[in-house]
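> The structure that follows is given in the form of structure tokens.
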Amino acid sequence: MGETLGDSPIDPESDSFTDTLSANISQEITMVDTEMPFWPTNFGISSVDLSVMDDHSHSFDIKPFTTVDFSSISAPHYEDIPFTRTDPMVADYKYDLKLQEYQSAIKVEPASPPYYSEKTQLYNKPHEEPSNSLMAIECRVCGDKASGFHYGVHACEGCKGFFRRTIRLKLIYDRCDLNCRIHKKSRNKCQYCRFQKCLAVGMSHNAIRFGRMPQAEKEKLLAEISSDIDQLNPESADLRALAKHLYDSYIKSFPLTKAKARAILTGKTTDKSPFVIYDMNSLMMGEDKIKFKHITPLQEQSKEVAIRIFQGCQFRSVEAVQEITEYAKSIPGFVNLDLNDQVTLLKYGVHEIIYTMLASLMNKDGVLISEGQGFMTREFLKSLRKPFGDFMEPKFEFAVKFNALELDDSDLAIFIAVIILSGDRPGLLNVKPIEDIQDNLLQALELQLKLNHPESSQLFAKLLQKMTDLRQIVTEHVQLLQVIKKTETDMSLHPLLQEIYKDLY
């Protein structure tokens with residue numbers, strides 16, 4: 001496995017990761033001494049005392065490097081704060097002008113508003129073959145299997161293409177007064193009646209929604225399908241209650257949900273727009289305007305910007321671990337596992353969950369910080385000197401692809417539970433009960449995705465692939481920390497962060 005990140009001794013007054021996490025699980029006390037990786041979900045910089053970070057007993061025990069090669073840096077890097085502060089009124093005016101210019105260049109991803117419905121929260125034990133699945137939605141025109149939501153209705157590829165060609169080429173068919181029946185085998189016999197059927201069921205050129213559907217239509221469809229499933233499988237009612245419990249726990253555990261984050265990113269909120277940080281001047285202004293949580297400017301003005309940001313992320317990570325731990329305890333069966341296995345599952349799972357939920361705070365241009373009060377641009381983060389400028393780019397690349405799946409909070413609630421209950425983590429003592437719980441969660445996830453995203457037949461397989469991608473991101477993150485270990489001789493790393501990364505990949 002991987003080497004220990006940081007060879008310095010852990011402060012005798014600090015608990016080990018295992019002891020702290022065990023106490024948190026068994027005694028329901030708040031965990032505040034566990035550290036996690038860079039840029040966790042719901043990131044914010046706060047006023048926690050950083051004296052522990054300045055204690056060099058926690059620093060890397062490495063001889064100073066006399067030379068560091070930064071020749072490959074393409075963007076400018078920034079050295080130390082403080083900077084000379086300009087008159088506040090002048091600074092605000094310049095910021096407003098620059099912000100208008102920058103915001104005009106930012107293309108925020110379209111909102112796909114997360115929505116929760118009890119009808120979408122289903123567990124179902126039996127695995128159904130696609131051909132016999134209750135989720136095989138019929139084409140509204142001919143009754144064939146629908147491939148998605150096209151031109152305002154569920155339609156198969158054949159009828160979608162027929163309608164598109166008719167509209168695009170402005171085709172006029174010979175009138176037929178026979179009112180021909182349109183079904184899978186006869187749909188090509190009478191084009192006039194087929195087109196009339198398309199119009200009758202609601203197909204419209206003004207309702208182009210390839211792969212999407214209105215929320216009202218989705219809820220109606222889910223209600224019909226859920227009713228059918230309940231009649232065929234009475235156990236689904238109990239499973240739905242269980243799924244709702246998971247969703248409720250998710251909402252309680254994670255204050256900044258994807259629904260809230262996307263509302264901020266797309267401007268669909270009554271709250272004040274986030275303060276955009278895109279360069280050093282806007283960063284200084286942001287420190288005055290944003291209620292940062294983990295760093296106060298007066299405490300850390302002497303430190304380099306990249307290090308200040310990195311240290312602030314460490315303290316927010318403590319909160320992230322607490323949130324994830326609380327959620328894990330709500331997963332049915334988790335607290336009944338061996339206590340050592342609970343600790344191991346969280347040790348390996350929290351990183352992957354942090355990056356999963358971090359994606360909710362991101363678009364291709366930047367990331368929300370400080371509980372949505374600020375928005376730090378991707379280019380600014382890349383401009384930080386190496387290796388710090390390299391930390392976030394893999395997370396952005398993952399987030400753009402992950403967000404394309406258009407999951408909502410009800411999907412994520414099950415997905416992160418699946419991540420936690422991974423029976424292949426190294427060092428587990430009793431794998432069987434863990435796999436049993438995960439199998440149930442996987443069945444729940446598969447059915448949830450079929451119900452919530454009926455137009456995306458391959459979504460379950462794509463999401464499972466993301467679990468592999470997340471592990472690769474964690475591995476790359478550990479490798480970057482190894483670089484910091486070798487090059488940043490005066491960089492303090494929280495001792496519990498070293499504990500978590502010990503023997504991790």
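In case you wondered, yes, glycine gets a Cβ from its N, Cα and C as well.
According to Swiss-Prot:
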type: DNA_BIND; residues: 136-210; note: DNA-binding region
type: CROSSLNK; residues: LYS252; note: ubiquitin cross-link
type: DOMAIN; residues: 238-503; note: domain 'NR LBD'
type: MOD_RES; residues: SER112; note: phosphoserine
type: REGION; residues: 205-280; note: region 'Interaction with FAM120B'
type: MOTIF; residues: 495-503; note: motif '9aaTAD'
type: ZN_FING; residues: 139-159; note: zinc finger
type: ZN_FING; residues: 176-198; note: zinc finger
> Taking the Cβ of the residue listed as 'ubiquitin cross-link' as reference, which residues of that chain separated by at least 6 in sequence fall under 8 Å from it?
GLU326
> Within the zinc finger (139-159) only, compute the mean pLDDT.
88
> Determine how many residues of the DNA-binding region (136-210) DSSP places in helix, in strand and in coil.
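Residue counts for the DNA-binding region (136-210) by secondary structure: 26 helix, 8 strand, 41 coil.
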> Using DSSP, tally how many residues of the motif '9aaTAD' (495-503) sit in helix, strand and coil.
7 helix, 0 strand, 2 coil
